[in-house]
Amino acid sequence: MNHTQSPFSSTDDDAGTIATAQQSAGSGNSTSMEPTLGGSRHWRDVFWLGIFLLHLILVGLALGVFGLNRFRKKDRLNIDQYTNRFLENQAGLTEDYWPLYAIAGAISTVIGWTWLLLLGSRSNQMMKVSVHLLTTYLAVLSVFCFWGKLFFWGVAFAIGSGLQFLYIMSVIDRLPFTMLVLQRAVKMVWKLPEVMRVACAFMLVMLIWLGLWSFGAAGVVASSIGDSGRWWLLVVFSVSLFWTGAVLCNTVHVIVSGMVFLVLIHGGREAASMPRNPLLQSLRYAVTTSFGSICYGSLFTAAIRTLRWEIRGFRSKIGNNECLLCCVDFLFHLVETLVRFFNKYAYVQIAVYGKSFNHSARDAWELFQSTGVEALIAYDCSGAVLLMGTVLGGLITGTCAVILTRIKHSDREMMMGSTAILMGMVLVGLAMVVVESAVTSIYICYAEDPLLIHRWDPEFFNQMSETLHQRLQHRSARVREGSSQNRLPDHMLETITV
C-alpha cells in the first residue's frame, strides 16, 4: 500500500486543506493495491494460534468432565469428593438443562437468519428497530426483574437501558448516514451469495461447539456446588465462549472482506481479471496462515471498539464543563492509542495482504488519518447499530431460556438466562458480521482509491464525499473555536511583554 500521502491533521484551518486531504485520498490506484491471493504467505502471530488451540483443548476437556459427571447419574465421575466443602445445593442432572440450551440455540439461530433476511428487503426499518427496540426491551426487563425481586439484574438492565438511551441521543444526527452505509453494504453482500453460505457454514460450526459447551454448562448448573462456585465456573466458560465466538466471527469477517475487496478492485465478481476461486483462497488463508492474527485480535478488538463508541458519544455532548471534558479527553486519547493497534479494519488488511494483526491495524489507521477518512469513520455508527441488533437477539434468547427454566427449576433461571444471552449474541453476531465486513471493506477501498467506490456506486460515492467534506470542515471549525478561546486578551499580552 502507498502511505506517502501528506497527512491530514484536524488542526487545518481552511477549506483548501480539506480539499487537499480529499485529493490525497484519491491519489491511489487499484494497481498499487493488488492483493496477494494466490501467492505464498508467512504464518503470522503463531503464538496466539497456539494459545487459542490449547485453550480449546483444556476448556473442551473441562466441559466434557462437568457434563458427564451429571449425565443420567449423579456424581458419575466422583467429583463431589473434591468439592465437599462447597456443597450447598441439591444436585440435578445434566439432561435437566441441556435441552433448554438446545432450544435457546435454535431460537438464536432463527433470529440471526431472520434478521439477515429482513436486512436484505427491509434494511432501513430493521436498523430502526434495532436502535429503538433495544432501549425499550432493556427497560421492560428491568421492570420484570424488580417485580420478581431480582434487584441486581433489575439495576443492571436499568443502567443498560439508560446508557443505551444516552448513546442514541448523542448520535441521533449520525443515524441517516449510518443507515445509508448499511444499506449499501447489504446491497453488496446480497450480490455475493457465496459469502452468505460461508456465514451459514460457520454458524453450523459454532452450533457444534455450542453443543459441547452447553453440555458442560448444563453440568455446572446441575452440580451441587454453591451458587458462588457455579457462577465463577460459568464466568470462566463464558469468557472462553466469547473468545471462541469472536474468533469465528472475525474469521468470517476476513473471508467476506477479502471477497468484497476483490469485487470492488476488479469492478465486479464477473470481471475477467478476478482470480480463480477467490472465496476458497480467502478461506484457506483465514484458517491457516492468518488464523493466529485473528485469534490475537479477537481478544481485544470488541471491548476497545465498544468503549470508544461510548466515549465518543459522551464526549460530543459534554458542553463547556472543562473539568469533565479534561477527564473524558484523557480517556479518549488513551482509547485512541489502543485503537491504533486494535481495530476491525485490520481484518481487511489481513485478508488482502496477509500481514500480522498489529501491523495491519496500524497500517489501516495510518491510511485513514493520512487521507482524512478517519473523520468519516468516526461519524459512522454502523458497527454500533449492528451490535444493538446482536444484543437484542441475545436478550430475546435469554428471555426465552428464563421462561422455560422457570417452569421446573426456578432457582436457576438467571444462570440459564445469562448464559443463553451470550449464546444468542454469538450466533446472531455470526449473521451480522457479514454486513460489517462489507462496511469495513468499503471504507478501506474508499481510503485507498475513492474511484473504486465511484465505479461501483456513483451516487453513494457522491454522498460519502459530501459527508467527508462536511466532517472535515466541522473539525476545522472546532479547532479554530478552541484556538480563539485559548488565545490571551490583548491587554494581558501587553502586560506579559512589559
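Keep in mind that glycine also has a Cβ here, set from the backbone N, Cα and C atoms.
The feature transmembrane segment is assigned by TrEMBL to 46-68 (among others).
The list of residues near the transmembrane segment (98-119) in space but at least 6 beyond its ends in sequence, with Cβ under 8 angstroms from a Cβ of it, reads 67, 125-126, 182, 186, 196, 199, 203, 207, 210-211, 214-215, 217-218, 389, 393-394, 396-398, 400-401, 404-405, 416, 419-420, 423-432, 434-435. Per TrEMBL, the feature transmembrane segment maps to 98-119 (among others).
Proximity of distant same-chain residues to the transmembrane segment (131-159), defined by a Cβ-Cβ separation under 8 Å and at least 6 residues beyond the stretch ends, is recorded for 165, 168, 175, 385, 388, 391-392, 395-396, 399, 414. Annotation source TrEMBL lists transmembrane segment at 131-159 (among others).
Here the transmembrane segment (198-225) has Cβ contacts under 8 Å with residues 60, 62-71, 80, 83, 86-98, 100-102, 105, 109, 112, 116, 233-234, 237, 240-241, 244-245, 248, 251-252, 255-256, 279, 283, 412, 415-416, 419, 423, 426-427, 430-431, 433-434 of the same chain, all six or more residues outside its ends. Positions annotated as transmembrane segment by TrEMBL: 198-225 (among others).
Residues or ranges marked as transmembrane segment by TrEMBL: 231-264 (among others). Within the same chain, residues 35, 37, 52, 55-56, 59, 62-63, 66, 188-189, 192, 194-195, 198-199, 202, 205-206, 209-210, 213, 216-217, 220-221, 225, 274-275, 278-279, 282-283, 285-287, 290-291, 294-295, 297-299, 301-302, 344, 347-348, 350-352, 415, 418-419, 422-423, 425-426, 429-430, 433-434, 436-438, 440-442, 444-445, 452-453, 456 sit at least 6 positions outside the transmembrane segment (231-264) and bring their C-beta atoms closer than 8 Å to a C-beta of that stretch.
Counting only same-chain residues 6+ beyond the ends of the transmembrane segment (285-304), those with a CB under 8 A from a CB of the stretch are 37, 41-52, 243, 246-247, 249-251, 254-255, 258, 335, 338-339, 342-344, 346-347, 350-351, 354-357, 360-361. The transmembrane segment feature in TrEMBL is assigned to 285-304 (among others).
According to TrEMBL, the feature transmembrane segment maps to 384-404 (among others).
Here TrEMBL flags 416-435 (among others) as transmembrane segment.
Between the transmembrane segment (384-404) and the transmembrane segment (416-435), the number of CB pairs under 8 angstroms, six or more residues apart, is three or more, so the stretches are in contact.
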